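Participant: Take a look at this one; I'll ask things after.
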Amino acid sequence: MKLPIYLDYSATTPVDPRVAQKMAECLLVDGNFGNPASRSHVFGWKAEEAVENGRRQVAELINADPREIVWTSGATESDNLALKGVAHFYQTKGKHIITSKIEHKAVLDTARQLEREGFEVTYLEPGEDGIVTPAMVEAALRDDTILVSLMHVNNEVGSINDIAAIGELTRSRGVLFHVDAAQSAGKVEIDVQKLKVDLMSFSAHKVYGPKGIGALYVSRKPRVRLEAIIHGGGHERGMRSGTLPTHQIVGMGEAFAIAKQEMAAENVRIKALSDRFFKQVSDLEELYVNGSQTARVPHNLNLSFNYVEGESLLMSLKDIAVSSGSACTSASLEPSYVLRALGRNDELAHSSIRFSFGRFTTEEEVDYAAQEVCKAVNKLRELSPLWDMYKDGVDISKIEWAAH
């Protein structure tokens with residue numbers, strides 16, 4: 001076993017060697033390096049063929065028509081294109097958008113920008129299990145609502161929203177529905193024919209593909225119109241200009257093809273690893289599982305260790321790569337906005353760690369990590385006066401701390 005151990009697969013995944021191999025074939029002078037938009041010679045034709053093959057592979061994972069896949073630089077851009085593209089195109093119809101408080105920053109920050117432009121956004125508060133229900137969405141719908149944007153799987157706590165039920169509701173009301181599927185692709189079965197979804201964002205680097213490439217599914221039936229946010233050449237049917245990076249597209253296609261073949265078996269293996277890890281840490285007192293106990297992906301286990309500061313626990317686990325909060329916000333000292341929205345108090349939010357397991361995680365690594373977590377938590381609690389008070393039966397929440 002090699003140290004350090006990587007248990008932060010929800011932040012990013014390493015590229016699968018099979019994917020890297022395919023990508024390498026599109027880089028050098030004797031490879032498929034042409035510009036897919038070059039229509040006048042074989043180098044361009046071959047590159048275009050590779051791009052269209054990748055498009056088909058992504059479409060097949062989600063049961064879409066390849067013509068419904070638009071290449072982007074990643075899920076952040078896909079989210080931006082979906083929200084801004086719909087808002088700007090349909091603004092004469094209405095200016096109200098619905099999302100939730102626990103979305104990824106790529107959706108929340110885009111929604112804030114649209115508010116500055118005069119759109120009105122309702123931010124739904126999920127249940128403490130991290131799930132947004134169809135009833136919550138229905139209660140927020142108005143005559144001028146043009147878009148609902150919700151994630152499929154939450155990146156911090158792994159809870160799974162009932163996209164099918166929400167899609168039935170939005171479709172029956174004639175409201176467009178965008179889903180951020182960055183954390184669900186390759187983990188949860190997605191069939192856009194069954195899910196009444198109009199737009200769906202994907203990223204390659206969460207599915208053992210390269211960083212810097214993603215896709216947006218844009219439904220053709222019923223047809224969704226978007227206003228582009230990047231101009232210059234009219235690539236991707238005018239929705240997203242810019243020379244297509246053949247090597248990255250080939251990588252994303254291969255990664256999604258592997259996910260389609262191996263997802264079922266991989267989910268069983270990862271659930272076993274996650275259960276194995278949890279069993280070994282579950283004897284710790286004051287341990288809380290964040291998010292839904294039932295509707296969750298096994299890849300993500302977000303735990304709060306009460307009376308332990310999350311940052312100090314991270315420092316103690318120097319040979320284990322995990323995160324507190326999501327990778328995009330964990331540089332700030334604020335407690336996780338997701339956990340706060342689930343009703344966790346500041347202490348529990350600050351004491352949370354996200355463990356995420358993946359394709360290359362082994363039983364040996366999981367056992368070592370669990371053992372180190374138990375050691376670190378017990379050691380940090382020994383140093384904590386609050387832990388002593390808790391053990392003595394003092395209700396810490398009732399203490400009035402004196403200000404200096």
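Positions of Cβ are set from backbone N, Cα and C atoms, glycine also.
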Participant: ALA75, THR76, ASN155, SER203, ALA204, HIS205, THR243 bind pyridoxal 5'-phosphate according to Swiss-Prot; which of GLN57, GLN183, GLN261, GLN280 goes with them?
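Facilitator: Only hit among GLN57, GLN183, GLN261, GLN280 in Swiss-Prot's pyridoxal 5'-phosphate site, alongside ALA75, THR76, ASN155, SER203, ALA204, HIS205, THR243: GLN183.
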Participant: Taking the Cβ of ALA204 (pyridoxal 5'-phosphate binding site) as the reference point, list residues of the same chain whose Cβ is under 8 angstroms away and which are at least six residues distant in sequence.
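Facilitator: Listed in sequence order, they are GLY74, PRO210, LYS211, ILE213, GLY214, GLN248, GLY251, MET252, ALA255, PHE256.
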Participant: What is the interatomic distance between the Cα atoms of ALA75 (pyridoxal 5'-phosphate binding site) and LYS206 (N6-(pyridoxal phosphate)lysine), given in whole Å?
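Facilitator: Distance (Cα to Cα, whole Å): 10 Å.
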Participant: Across the record's pyridoxal 5'-phosphate-binding residues ALA75, THR76, ASN155, GLN183, SER203, ALA204, HIS205, THR243, the largest CA-CA distance in angstrom?
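Facilitator: So the binding residues stretch over 30 Å, Cα to Cα.
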Participant: Looking only at Cβ atoms, how many others are within 10 Å of the one on GLN183 (pyridoxal 5'-phosphate binding site)?
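Facilitator: For GLN183 (pyridoxal 5'-phosphate binding site), the 10 Å Cβ neighbour count is 26.
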